[in-house]
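So the structure is just underneath, and the comments pick up after that.
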Amino acid sequence: MFPLLHFIVLIDVKDFPLTEGSTITPLCQKGYFPCGNLTKCLPRAFHCDGVDDCGNGADEDNCGDTSGWATIFGTVHGNANNVALTQECFLNQYPQPCDCKGTELECINADLRAVPVISSNTTLLSLKKNKIHSLPDKVFTKYTQLKQIFLQHNCITHISRKAFFGLHNLQILYLSHNCITTLRPGVFKDLHQLTWLILDDNPITRISQQLFTGLKSLFFLSMVNNYLEALPKQMCAQMPQLNWMDLEGNGIKYLTNSSFLSCNSLTVLFLPRNQIDFVPEKTFSSLKNLGELDLSSNMIMELPPEIFKDLKLLQKLNLSSNPLLYLHKNQFESLKQLQSLDLERIEIPNINTRMFQPMMNLSHIYFKNFRYCSYAPHVRICMPLTDGISSFEDLLANNILRIFVWVIAFITCFGNLFVIGMRSFIKAENTTHATSIKILCCADCLMGVYLFFIGFFDIKYRGQYQKYALLWMESLQCRLMGFLAMLSTEVSVLLLTYLTLEKFLAIVFPFSNIRPGKWQTMVILICIWIVGFLIAVIPFWKEDYFGNFYGKNGVCFPLYYDQTEDIGSKGYSLGIFLGVNLLAFLIIVFSYTIMFCSIKKTALQTSEVRNPIGREVAVANRFFFIVFSDAICWIPVFVIKILSLFRVEIPGTITSWIVIFFLPVNSALNPILYTLTTSFFKDKLKQLLHKHRRKSIFKTKKKSLSTSIVWTDDSSSLKLGVLNKITLGDSIVKPIS
């Protein structure tokens, strides 16, 4: 194990020389980013981690995702209500519950049931949280100086066509959180100076192009959480200055090529949380000035390859939480100015580096899987920061895993080494079987080595794993560890299957001559190792087909695969675990079941056996624990694989628990089940300890052992009835050591 530690490669900060006096940004290798104007480059994980790794603070600059226009406009809803009021009131007439400052009037929660009579010089009127149910014709006609009206949280159900007649100076109108179901065309036709129109949280189901007649100055339109199912053709035809449109949380089911045909000034378009399932290729072709587009949380399954072709100025794109099945390789080719791309909760089965290369200005990217970050090495900030198996700081997410990885590694490694030593020291009469057990221990010992490495790298990266996570999973060490674990697993599975079949033939068919001899056994063992080696090494041969087969997670074991995997790696993994290993498990369970039935049948037919029930219990217990250890080891793996076929989301931490607690069960228990608890081993050990004091007892036990035919070396575990079954054939079956 310890010579393999020389493969450890420490991740160092890279320095690149520049000519004297040069002020250009240094060229950094893939996955590294410059420290401002210094000659130093740091890995991506060292940027924006809260630590000044550069020395000049450059790695902690520009960490926030400020692309798009949200920061330019500020928090729209908050700014609209926080109006600076003077202390003196200049209004002559207003209701007593209202608060007047200057020419601005607030009648909040004043139990008003209609628009009150106020002074004509009022410029701001806030009627929030009252009981106004309707706005009749010309209700504001006397208040032509109004610039802002706030009518949120009333229960307005009806607005007359001429309700806002004469409000030529109105700039901001809030009608959110009401009960408006329909708005008549032309209701806003006198609002020539209106810049903000907020209609959030109303049960509006339908709108027409004519609804917005007169809104020639409208800059911001918000219809969040309405019940819209469709948009009118050329929605912006009456709003030539519209810059920001927010339609989040509606029921819009489709878009057309003409939906935004006249929205030439639009810079921000929000369409998240709708039911859009398809977007035509020319939908956004007229949005030449669009800077931010949000299509998240819809039902889009496919995007045309050139849908973003005309969005040359787009800075921020959010496609997260869509059931996209495929992204074209040139999907983002025209987005040269894009700075932020959100693909969270999207599986990308055909992901490749070329997909993101054209976006050279990209500074923030968000994925579903941590490993996707390796396909965008030029992006400074990539999320998520971990693979879900590990925590943000550590390779192993909690103290239980950190402690038991060493405990199980020690038990597995040194338990098997002890058995190898004792088997080599104690002379066995059946040398071929003893050799098979020692070979099994060698394979199981590799699992202990693998766990030691996991524990070692957990200590190495303790407290800073997220900085090294991606580099670690792509490293040669991680791949070699995965190779060791796979080699150990497959050789152990094949050897256990072989030993089970060997035992099966001896017990169920004691008079047959199809059991292998010494040389045949050696050939079988060599073939098992070759097959196991090939299974483990094949993913290295064609990386473009299998991808980083072992580097999918922090523990470097290809256990769980989602739908985003390459067809090669996914099929290969399923073939191994649900093909080879599941078949081997079924063979072992079936064989031990038949063996137990055969022994029980023989015991019932043999009258010489004094205590058949006790011996049946002993055999049943032994066989149960052998099968049970296999079940503990493999059933969780089979369940995970089957669930992955049905696209069931499984927490990443499950992998580390299975790899540390379940997968090594066989490797840890095999020395106990096949050697340490057998009567043969216990008797031999006693004989060695009492060699000089009890020579006579030693000879007696040796003589009794020489008649045993049990292939597990446990002469007391199996029925003496079996001996009666093959009394005439003792010379056919060699005693098992």
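Glycine is no exception: its Cβ is also placed from the backbone N, Cα and C atoms.
Swiss-Prot has this to say about the protein:
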- 27-64: domain 'LDL-receptor class A' (DOMAIN)
- 145-166: repeat 'LRR 2' (REPEAT)
- 193-214: repeat 'LRR 4' (REPEAT)
- 217-238: repeat 'LRR 5' (REPEAT)
- 265-286: repeat 'LRR 7' (REPEAT)
- 337-358: repeat 'LRR 10' (REPEAT)
- 400-420: transmembrane segment (TRANSMEM)
- 421-438: topological domain 'Cytoplasmic' (TOPO_DOM)
- 439-459: transmembrane segment (TRANSMEM)
- 479-501: transmembrane segment (TRANSMEM)
- 502-520: topological domain 'Cytoplasmic' (TOPO_DOM)
- 521-541: transmembrane segment (TRANSMEM)
- 576-596: transmembrane segment (TRANSMEM)
- 597-622: topological domain 'Cytoplasmic' (TOPO_DOM)
- 623-643: transmembrane segment (TRANSMEM)
- 654-674: transmembrane segment (TRANSMEM)
- 675-737: topological domain 'Cytoplasmic' (TOPO_DOM)
Cβ contacts under 8 Å made by the repeat 'LRR 5' (217-238) with residues that lie 6+ beyond its boundaries | 73, 76, 176, 192-210, 244-256, 258-266
When only pairs 6 or more apart in sequence are counted, do the transmembrane segment (654-674) and the transmembrane segment (576-596) reach 3 or more Cβ pairs under 8 Å?
-> no
Which residues, given as numbers and ranges, are at least 6 beyond the ends of the transmembrane segment (576-596) yet have a Cβ under 8 Å from it?
-> 489-490, 493-494, 496-497, 500-501, 503-504, 507-508, 535, 619-620, 623, 626-627, 630-631, 634, 637-638, 641-642
